[in-house]
Ligand code: SF4
């Protein structure tokens, strides 16, 4: 297919596809799906080989958020029966992080619900970062605390945070449909603050919220412009008790096309398979490894993921390898001090907190797809790990 040849050539050169080309990936047929995966897989292997980076979420503070992000089980007015607790102590967070590291995670992602941290919260998280780094040599720590105010990014960096996550989630044009308490520009500003403070930026999207193909392409192009080092791609987990509980719009094929499009637009960036993979990709998860070079191990913030040992087995069975701490995730040209100085995502310039479907008419065409009831049964509220007495999944 001419489109795929063009996209592979561009991806190998880190050249930005056109919007039309990105849209055309989303419009490919199921008959062409394996060709799309194979083409994007060539780009993935060029920049990341067969390595898979594992990341581990620790939910430092769960639920009771004053913001109204409609996809989020922790939102204002959420009726979802999730765990609710206030800040974990540094040693509690460190214990949870250690379980993830023991399970193979290279990065620990410290997440807290809320609009953004107070300065006291930044102090707490700084203590937690110190505890985790003392007890887990070589681990990367990413903070995800919401919107930052002046000076907070610098303080987190000084405390040892390697990265900061704040997702754009959806297109600027539709942002107001999913949240009214902050806007797209607020999110962009926080990602820029993290970058300016010297942290590696992590920013991604959530697919399956009823958005159009154009919205998906818009948000991925906006991410490319922002040039994060990692781009988590979440697939909406439609939690009962949230406004998007009925948005069961994705098919595994649609999810794979979204991941392939993201890879073509951000060829040399860590594209991370994030929340919702088990629910929406289901038995097709191994194919996604040809597109992403990173995923979350174990559980999510408020829902349970596949058992950590099953993640490891899936990676090995599919012929991939877990990336060790002795390997740099990003290609040399994206690493500060690397020999190729021409910049970031291609032309130089990525359910849960703050960030972590196919359109309905396409979903309707999949006559044999599991019913909504069956898919709802795949969503399990997290009842183990951080904030509980039970051991974490890692
Ligand atoms: S995504 Fe973050 S800011 Fe939005 S409701 Fe959830 S916890 Fe609050």
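Cβ atoms here come from the backbone N, Cα and C positions, even for glycine.
Going through 42, 44, 272 against TrEMBL, the one listed in the [2Fe-2S] cluster site together with 109, 142, 202 turns out to be 272. All protein chains considered, the CB of residue 272 ([2Fe-2S] cluster binding site) has 26 other CB atoms within 10 Å. Geometry remark: residue 65 ([4Fe-4S] cluster binding site) versus residue 109 ([2Fe-2S] cluster binding site), CA distance 19 Å. The 6 Å Cβ screen around ligand 1 retains 72 from the binding-site residues 72, 109, 142, 202, 272, ordered by sequence position. Surrounding the centroid of the Cβ atoms of 109, 142, 202, 272, where the record places [2Fe-2S] cluster, the chain contributes additional residues within 8 Å, namely 55, 107, 144, 163, 165, 230, 232. The average pLDDT the prediction assigns to the domain 'Radical SAM core' (47-277) is 96.
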